[in-house]
Amino acid sequence: MLFFTKKKLILVFSFLVLLLAGLSFSYFLVKGQGNFLKKTTKNVLDLSFLADLALEHKAQEQKNDFSEKRTILPDFSSFRNVLQENKADFIEANLEEMKITLYQKGEKQQEANILKRGDEYAWGGTAAGIYQISSGYQTAFSAIAEVYMPYAMNFYGKYYLHGGPYYPSGAKMISEASGGCLQVKDDIAKEFFEKAELKMPFLVIDKKNDNFVYPKTEIVVPTITSGSFLVADLDSGEIFAEQSSQERKQIASITKLMTAIVVSENIDLRKEIVVQDYMLNQGFGETESIKVGDYLDVVDLFYPLLIESSNDSAEVLAGFLGRNRTINLMNEKTKAILMPNTIFACPSGYSEGNISTARDLFYLARYVLKNRPLLFDISKSKEVPGFGKMSFDTSMFWNKNVFSEDETFVGGKTGYIKTSGYNGLFVFRFTTKEGEERNIVFILLGTPHLDEVKFNTQKLYIWLQNNFF
């Protein structure tokens, strides 16, 4: 017969409550009872429309500026303009300036320093985009870091705004960076906590467009066979060339970049997955290195996912998080990062229902580059920091990213199903005559043949190099 102490019974009961509530993957246990944030009495802004409004706002600005002949795709600060115009109460975290700001009725009320943020080069980058505060607790416990967090407000996935974390012993946690959460001084955390409300918009700005100016030219863009394409600077937002870039197309396995993003932002990446039968055979193709019963680290599965374009990897990762939940998170993420014309129906890209536009995919590429750069590193067969011994011999993987051996290739993804044709999202690093490096994305959708994806990209690459660099 088993005997439990009162403390153990409470812990078991708490775990079961979290599990039944569908929150077992947030990995945050709450100390105390109930949600301490007050419910808003105001009209809640529908975040699904904010991306459209933010993009329209920038387009109107350019239309009104007759001296501006360039097309610049906005950064996440465009969300702020829309929130202010709607006189919204919201919190903004600027990761570049390391500032946290409270707005009330669209006006700046309070600003403070962010002490720590996540390190995107160690899987800890803070999630950027527009979200809503979903919960708040005077004290929360992180099972990932095993520390208490005072005045913790959850704005997305495993990311919180909170005061100084401390261990159960009472000792302060000392580190150069957080695991992805935003840390402020305790008194600041308390003040923001007391003024925040549930569903209050929470805007995280990663990096603003750098306003780099290319020479104005009237150069004829080369003709290529892709049905839709876009060539643009990910650092400034400037478009060099585009064709049917706002036309919805099936994107196939480019989908896997979004799958990797939401998995990395909603799962403790130290976790080990036991491959179950229901996780496999959801899509076309079989990955020989993944078998039922295998124990695989979450991060390790990103390698076959992004190098070999393994559908099995996508389904195992999604199955661990919850397949429907993963797809929902992918669709929610599109609204958060300025991709309003994108819909996901499956985590692998095998479904014909995975649809996007070249302009939307600009933001997918930008998000990975600025916030999850290790995913691009993996896509070119580079081994990145993990949490244990690698499960696979990556040298045995066939890299389907056709530019993986190009020294200027930063990262990307190809994709194909019969109804989509061949697709590619490729980021390259160009260097100006003055020695400044620029990150340029080439997005091609609906290309008739595989070899034409590479040929078309090279054609645009040479054109860009000769005329702008």
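Placed from the backbone N, Cα and C atoms, the Cβ positions cover glycine too.
Marked as domain 'L,D-TPase catalytic' by TrEMBL: 89-205. Here TrEMBL flags HIS162 as active site, proton donor/acceptor. Sequence annotations record features per position, and here TrEMBL assigns active site, nucleophile to CYS181. Look at TrEMBL and you will find SER253 tagged as active site, acyl-ester intermediate. Per TrEMBL, active site, proton acceptor is recorded for LYS256. Per TrEMBL, the feature active site maps to SER309. If you look up TrEMBL, you'll see LYS413 marked as substrate binding site.
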Which of these recorded positions is closest to CYS181 (active site, nucleophile) if you go by CA atoms: SER253, LYS256, SER309, LYS413?
LYS256
Do me a favour and check the Cα-Cα span between LYS413 (substrate binding site) and SER253 (active site, acyl-ester intermediate); whole Å is fine.
7
Whole-number Å only: compute the distance from the Cα of the residue listed as 'active site, proton acceptor' to the Cα of HIS162 (active site, proton donor/acceptor).
32
Could you find out if DSSP has SER253 (active site, acyl-ester intermediate) as helix, strand or coil?
helix
DSSP helix, strand and coil counts for the domain 'L,D-TPase catalytic' (89-205)?
13 helix, 58 strand, 46 coil
What is the pLDDT of the domain 'L,D-TPase catalytic' (89-205) when averaged and given as a whole number?
95
